[in-house]
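Record features (TrEMBL):
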DOMAIN    4-348  domain 'Aminotransferase class V'
BINDING   Arg42  L-glutamate binding site
BINDING   Ala76, Arg77, Trp102, Thr153, Asp172, Gln195, Asn237, Thr238  pyridoxal 5'-phosphate binding site
MOD_RES   Lys196  N6-(pyridoxal phosphate)lysine
Amino acid sequence: MEKVYNFCAGPAMIPAEVLKKVQEELVNWNGLGTSVMEISHRSKEFLAVAKQSEKDLRELLSIPSNYHVLFCHGGARGQFAAVPMNLLGDANTADYMDGGYWAHSAIAEAKKYCSPNAVDITCEREGKKAILPASEWSLSDDAAFVHFCPNETIDGIEIRDLPETDKPIVADLSSTILSRPIDVSKYGVIYAGAQKNIGPAGLTIVIVRDDLLGKAKQEIPSIFDYTVLVDKESMFNTPPTFAWYLAGEVFKWLKELGGLEAMKQRNDAKAELLYNFIDSSDFYKNDVHVDNRSFMNAPFQLKKPELDSKFLEQADAAGLKALKGHRVVGGMRASIYNAMPIEGVQALVDFMRQFEQENA
Ligand code: PMP
């Protein structure tokens, strides 16, 4: 089979080494004669997977001991509802920073539970899309928490700073978790759908600080109640066991490669290669200011948009898959999560250079 690089924004690439291992042990996992997805989540074998994966994730992200790690259902959109239901307490508002499509979607959901203080933090800098520095975000006194999305998967916008606040900071890290070290102690809640940098769709990781438990609304569905999930060790109901196991294999892979500092170096090198090429070309452009360019999702446009479909067809034929930008922004997008090797980005740049030569 020809070499294929998958630039899909999610569900995204899973490391080839992990897939191979999973394939090898699929029908006879751990010598049990069955696959891991056919055994009880309460069996000692699966409990060992659950325990090890949490331990590895804690190690990778240096998660302090006063934080709980939950392996949930419902995706990041489930958390758009779970966060206000769990954290509002008696408050009727929370600060929601609006920096792009996903932050905006979280606000729409939060409106079902409170009157969010939605703050547009987008701006223009040197003619490019940018985000206001966190020191300029207008926060309200009566907010229960501050919510933001550090990496906007569709817009290709990244926020690299945090507001100074004594309120819990809640972050949707769906498309950037595990791509570089972060200081977990600065957050109240972190959540992420798995299907980009963690593993297959169907699993959602939530990291919640201990003092934020016990505030959930009475009517919250139990499977979204952080306190219930902590008490039941993410097994209030049947968890997505296969996705959980596979995420555990991805965590082992990350550790073997040197953890998140090593990932940061890999990811920086990949993003630099791609953005430097785009910036050096008169044929392609990216409209996000360098201060806020995403390391994970790089949108780019052809200066001749009439060539978009030709570009996508030829790229696909060359084994460079899923480069079409999200329907709300158009153009192209290369998602270059942890599992994308630098060779894949180099292959994309080589293709783009050749396409430019043939079509400029
Ligand atoms: N937040 C972000 C930043 C995302 O990229 C996505 C998915 N693309 C979502 C939320 C929604 O995730 P899910 O489909 O898991 O609900």
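Even glycines carry a Cβ here, placed using N, Cα and C.
Annotations in TrEMBL come from automatic prediction, not curation.
Asn237 (pyridoxal 5'-phosphate binding site) and the residue listed as 'N6-(pyridoxal phosphate)lysine' have their C-alpha atoms 24 Å apart, to the nearest angstrom. Taking every protein chain shown into account, Thr153, Gln195, Asn237, Thr238 are the binding-site residues, and of these the Cβ with the most other Cβ atoms within 10 Å belongs to Thr153. Take Ala76, Arg77, Trp102, Thr153, Asp172, Gln195, Asn237, Thr238, the residues named in the record as contacts for pyridoxal 5'-phosphate: the widest Cα to Cα gap among them comes to 30 Å. Ligand 1 lies within reach of Ala76, Arg77, Trp102, Thr153, Asp172 from the recorded positions Ala76, Arg77, Trp102, Thr153, Asp172, Lys196, judged by a C-beta closer than 6 angstroms to any of its atoms. Across the domain 'Aminotransferase class V' (4-348), mean pLDDT in this model comes to 97. Sorted by the number of other CB atoms within 10 A, the recorded positions Arg42, Arg77, Lys196 start with Arg42, the lowest. Within 10 Å of the C-beta atom of Asp172 (pyridoxal 5'-phosphate binding site) sit 28 other C-beta atoms, taking all shown protein chains into account. Nearest neighbour of the residue listed as 'N6-(pyridoxal phosphate)lysine' by Cα distance, taken over the binding-site residues Arg42, Thr153, Thr238: Thr153.
In this structure the alpha carbons, written CA, of Trp102 (pyridoxal 5'-phosphate binding site) and the residue listed as 'L-glutamate binding site' are 35 Å apart. Here the binding-site residues are Ala76, Trp102; the one with the fewest Cβ atoms within 10 Å of its Cβ is Trp102. For the pair Thr238 (pyridoxal 5'-phosphate binding site) and Arg42 (L-glutamate binding site), the C-alpha distance works out to 9 angstrom.
Residue pair Asp172 (pyridoxal 5'-phosphate binding site) / the residue listed as 'L-glutamate binding site' shows a Cα separation of 29 Å.
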